[in-house]
Amino acid sequence: MRNSTCLLQPSLATTVALPVIYSFLFPAGSFGNILAAWIFSRQAATKRTQYIYLANLVTANLLVCSTMPFLAAYFARGYQWTSDSVACRIANHLGTLIMHVSMYVTITILCSIALSQYATLKKNSNAQYSQAVNENVYRCVLKKFSQPKFAKYLCIIIWLTVLCITVTAITYKVQEKGMEEAQRCYNIRVEAGTFTTMIASSLATAWFFVSFMTVLLSYYSFTRHLSKIQKNTCIGEKHLIYSMVKRNILVIQMILTVCFLPYHTFRPVFNVLLTNNDCSRLNSLVEIKNFLTCLAAAKSSLDPVIILLLDKTFKKSVYGLFTKSTPEHHERKADIFTEVTPKM
């Protein structure tokens, strides 16, 4: 059994570094994502599939950013709050709910964007270079990810599913915790969670790796498909389009690897090692988990920077805020989320 009586002693890394990081990420992420939301809302009339995904991604980013001030306060002062205080309940219950819902919505939507990019490429590729089984998969499954109506309903289902699972886990945690006497807000039961929380985190970790492997397989399949085309024909003007789609999927893979893979690799280890009654080790495990969670949250603040560097529409709109004309080279640069429609 987990040692629920172990008294966590947060170090300076927790009480100083984490509040400073979250305090920095909050204004940067809020400004960037609000700007992105405004720019993408101007493209809503086009009803493009990628902008449907991006609108939901930006929404998830803004929700994560909204929790950052509460997380900064929690790590700075949580060890002084009582568990029944208003500040503790807001930080632990509402903050945890929003953070985890937004995290797994983001992961799922990134996976959907990768599939949409791959499906769009398949739609515009010459069928003679694709295996029949792959074409059947495309017709039955993949092409739906590039359809606006499907994207809209998929995003609704993603939000509702993740919200229901997370609310169930957190509600159970609150009920079980309510039977205990008042204690410090920052404690092992809050940081480790209940048995139900561990089950939910295990399911979430499994889903992350499904999404991670799906994007990885999409990248591998695309690279193999492109290699086959290049061996059989001169793709000429399509080379830039194919390179762009390859880069798009690779960027998504890098985001999942850098921001989310460390947390989801460590989480099973964290759950297993919690059975140890060594309080010093428990303190270290909790602090590692919290820093890896912070790394995952940082993705929400970095998204606008990534889009600014790689998305033509976003770049042109931002540039248009400061000048009346758009440089010619901006017109030629590829859009990371452009729906590929080459002439056949």
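Cβ coordinates are placed from backbone N, Cα and C, and glycine is handled just like the others.
Regional average pLDDT for the domain 'G-protein coupled receptors family 1 profile' (32-307) in the model is 80. Look at TrEMBL and you will find 32-307 tagged as domain 'G-protein coupled receptors family 1 profile'.
Positions annotated as transmembrane segment by TrEMBL: 20-40 (among others).
Residues annotated as transmembrane segment in TrEMBL: 52-76 (among others). For the transmembrane segment (52-76), same-chain residues at least 6 beyond its ends with a Cβ under 8 Å from one of its own Cβ atoms are 10, 14-16, 18-20, 22-23, 25-26, 29-30, 33-34, 36-37, 40-41, 44, 87-88, 90-92, 94-95, 98-99, 101-103, 105-106, 109-110, 112-113, 116, 148, 151-152, 155, 158-159, 185-186, 290, 297, 300-301, 303, 337.
Same-chain neighbours of the transmembrane segment (96-115): 50, 53, 56-57, 60-61, 63-64, 66-67, 71, 142, 145, 151, 154-155, 158-159, 162-163, 166-167, 170, 204, 207-208, 211, 214-215, 218-219, 248-249, 252-253, 255-256, 260, 293, 296-297, 299-300, 337, counting only residues six or more beyond its ends whose CB sits under 8 Å from a CB of the stretch. TrEMBL lists 96-115 (among others) with the feature transmembrane segment.
The transmembrane segment annotation in TrEMBL covers 153-172 (among others).
Annotation source TrEMBL lists transmembrane segment at 192-222 (among others).
According to TrEMBL, the feature transmembrane segment maps to 248-266 (among others).
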